[in-house]
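According to TrEMBL, the protein has these features:
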DOMAIN    64-91  domain 'C2H2-type'
DOMAIN    92-119  domain 'C2H2-type'
DOMAIN    120-147  domain 'C2H2-type'
DOMAIN    148-175  domain 'C2H2-type'
DOMAIN    176-203  domain 'C2H2-type'
DOMAIN    204-231  domain 'C2H2-type'
DOMAIN    232-259  domain 'C2H2-type'
DOMAIN    260-287  domain 'C2H2-type'
DOMAIN    288-315  domain 'C2H2-type'
DOMAIN    316-343  domain 'C2H2-type'
DOMAIN    344-371  domain 'C2H2-type'
Amino acid sequence: MTNSRYQRLCTETPPLRRSARISCPRAAGSGTCITDSSDSEAHSESLSTMMASMKLTMPCLWPQRCRVCKKTLSSRGALVKHMRSHTGEKPFACTSCPATFTARSLLRLHLRTHTGERPYKCDTCGSSFTQQAPLINHLRTHTGERPYECSLCPATFAKLDSLQQHTRTHTGEKRYECTVCHHRFTQFSTLVGHSRVHTGEKLFACTACPAAFTHRKTLDNHQRTHTGEKPYRCHVCGRRFSQQGNLKRHVQLHAVDKPHKCSLCPAAFASEQSLEAHELSHKSERPFKCRTCPASFVHERNRDAHERVHTDDVPFSCSVCDKNFSALRRLQRHLLTHTGEKTVECSICKKRFSRSCSLTRHMRMHARKNQV
């Protein structure tokens, strides 16, 4: 049978039932075709007539093209499955929940969420998975393999979706949009976490205290207040921190040149403006007056934060105890009461404090001793 005639049969006749059997009309009693090779054209016509009359055809393995998107598929079966992506048809329904699927294989994978079956197991650590692909990704955590390389920077990744998410940091693409506030995100997981800001949902509960959080990372940070774990280490001085943000702020202390030194205490600053603001703390001068009450402040930002007390504007909320604050720095300072972390250190006696104002008062003690 010529290729063109076989392709026509594939496209013009209905699919073959699995239980159906086709026998050549010219076969002998043994079931073996005895047609002479010189009569192959007549033989092909005979087969075509027989298959058309029975409304059967062989499973088509000829490449098929989608008429909608022009994609080429390897077989008619693959084309049928592909067409469901255009029609939205999901003929395979789960008997345990309302979920439906475009392919039987997807249904089988889904059923494992009900049965708990996890047939793919890691021989190294014993972790198990419902699908083979997650197991392959997991194995790279043991081997260190990172086969997916960014074409724009040296970054490499163990998973393809991690590379795709990373690439958006270069392109600036933000495909995921919040339906409430229309804020856009580069990653779907970030959108999911953001949506809890609107719903107030706190899925991640601490097992050691009643605190609950909207993000797992926040829970992880909080739990270190119970365990005392400090996984973030400064590569310069070796000091360790429980939160990455505190480490970043600390590293800046090593990186920044501080040529502007206070004449009254050992404090030093990167800019003259910062020094001038600091020197006000040694003086009784408080130039920034509250416009509602007699309170006055050394720094303008302190005055602005104070004035929110009069307007009941307290936009910064603690995720641990739900206490509200008028300024972000006050919230950050309050959070240290939950963590117990002391992030600032006296450069003279190495005593540590959780608040910079406490360090400032302590430094004055050294300054007074030097003046005696």
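Quick reminder: no glycine exception, Cβ is built from N, Cα and C everywhere.
In the domain 'C2H2-type' (148-175), the DSSP tally of helix, strand and coil residues is 12 helix, 4 strand, 12 coil.
Contact counts against the domain 'C2H2-type' (260-287), taken as Cβ pairs under 8 Å, peak for 344-371 among the stretches 92-119, 148-175, 204-231, 344-371. Against the domain 'C2H2-type' (316-343), the recorded stretches 148-175, 176-203, 204-231, 232-259 differ in Cβ pairs under 8 Å, and the greatest number is found for 204-231.
The average per-residue pLDDT of the prediction over the domain 'C2H2-type' (344-371) is 74, rounded to a whole number. Residues of the domain 'C2H2-type' (204-231) grouped by DSSP class, helix first, strand second and coil last, total 12 helix, 4 strand, 12 coil.
Mapped onto DSSP helix, strand and coil, the domain 'C2H2-type' (260-287) counts 11 helix, 4 strand, 13 coil.
Counting residues of the domain 'C2H2-type' (232-259) by DSSP class, helix then strand then coil, yields 12 helix, 4 strand, 12 coil.
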